[in-house]
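Data first, discussion second: the structure below is written as structure tokens.
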Amino acid sequence: MRNGTVITEFILLGFPVIQGLQTPLSIAIFLTYILTLAGNRLIIAIVWAEPRLQIPMYFFLCNLSFLEIWYTTTVIPKLLETFVVARTVICISCCLLQAFFHFFLGTTEFLILTIMSFDRYLAICKPLRCPTIMTSKLCLQLALSSWVVGFTIVFCQMMLLIQLPFCGNNVINHFCCDVGPILKAACVDTSILELLGVIATILVILGSLLFNMISYIYILSTIRRIPSGTGRQKTFSTCASHLTVVSLLYGAVLFMYLRPTAHSSFKINKVVSVLNTILTPLLNPFIYTVRNKEVKGALRKAMTCPKTGHAK
């Protein structure tokens, strides 16, 4: 037990070194946030409005888009406040709540992307068995399981975290409530919580990464055996979008957490974290539509139908 004044709030530093750039950056981030909400909502609307898109791959994509909407909403409003207000204060309860949703949604995203890689594996490597295996019931069960598992992993740790007394340094050198600085402000030994966090991180991030890698080893091996170049290109295009999103997400996470401590820079980690929080959710709708003929066709149909109806 450490001696110190009991604290009731945290101070988020954000990016104090970018004096003079707060206004243009806040405008850019706000516009990015609006585009993220609009793009992911559009994906959900198109999939549910177009019967041809109501297949497992797009069902999981809707889950991912829904998740990205709330993932960005958890962080970006407070991030914008750090640009506008010199001293961004957040109460302990609000900070813990933000941390919970941030890590709950982040954990669930890894699980959903892993399920999507399993769906791509079945569609490419087991095309004849895929419709009988990936049924609507199984899709619903897998999606629900990813949300429940993500919630349970983070909720159990958060129940231990909210019982801690805080009396240390209440300044968080971040733009959102990260667990690391919160634990440093605790008055008691937090080694058990830190160990649980490491175990959860290994299980979720490295476990899902391993599953994704194995899935794509089988996928790429199957694609290589396709005799025609056109067939290989067409088959690879069905999983290229998912592979791009997986590469962006895991690339950012591994860069932040698996570098040697001697070469790590918290300032660089904050920048990468911002890009992962803002750019990845923004790029997802574009990545899944730019090279996807089915989604582009449904989007053109949705845009031309109102005009046709108006002309009539």
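Here the Cβ of each residue, glycine as well, is placed from N, Cα and C on the backbone.
As the structure is a computational prediction, the values presented were derived from the model and not from experiment.
Residues or ranges marked as domain 'G-protein coupled receptors family 1 profile' by TrEMBL: 39-288.
Positions annotated as transmembrane segment by TrEMBL: 55-73 (among others).
Same-chain residues lying 6+ beyond the ends of the transmembrane segment (85-118) with a Cβ under 8 Å from its Cβ atoms: 7-14, 57, 60-61, 63-64, 67-68, 70-71, 74-75, 78, 142-143, 145-147, 149-151, 153-155, 158, 161-162, 166, 172, 176-179, 182, 200, 204-205, 208, 211-212, 215-216, 242, 245-246, 249. Look at TrEMBL and you will find 85-118 (among others) tagged as transmembrane segment.
Residues or ranges marked as transmembrane segment in TrEMBL: 138-162 (among others).
TrEMBL lists 198-219 (among others) with the feature transmembrane segment.
Sequence-remote contacts of a segment are chain residues at least 6 beyond its ends whose Cβ falls under 8 Å from one of its Cβ atoms, and for the transmembrane segment (240-259) they are 109-110, 113, 116-117, 120, 201, 205, 209, 212, 216, 269, 272-273, 275-276, 280, 283-284, 287-288, 291-292. Annotation source TrEMBL lists transmembrane segment at 240-259 (among others).
The annotation transmembrane segment is assigned in TrEMBL to 271-290 (among others).
Through the fold, the transmembrane segment (138-162) approaches residues 56, 59-60, 63, 96, 99-100, 103-105, 107-108, 111-112, 114-115, 118, 179, 182-183, 192-193, 196-197, 200, 203-204 of its own chain, all at least 6 residues removed from its boundaries and within a Cβ separation under 8 Å.
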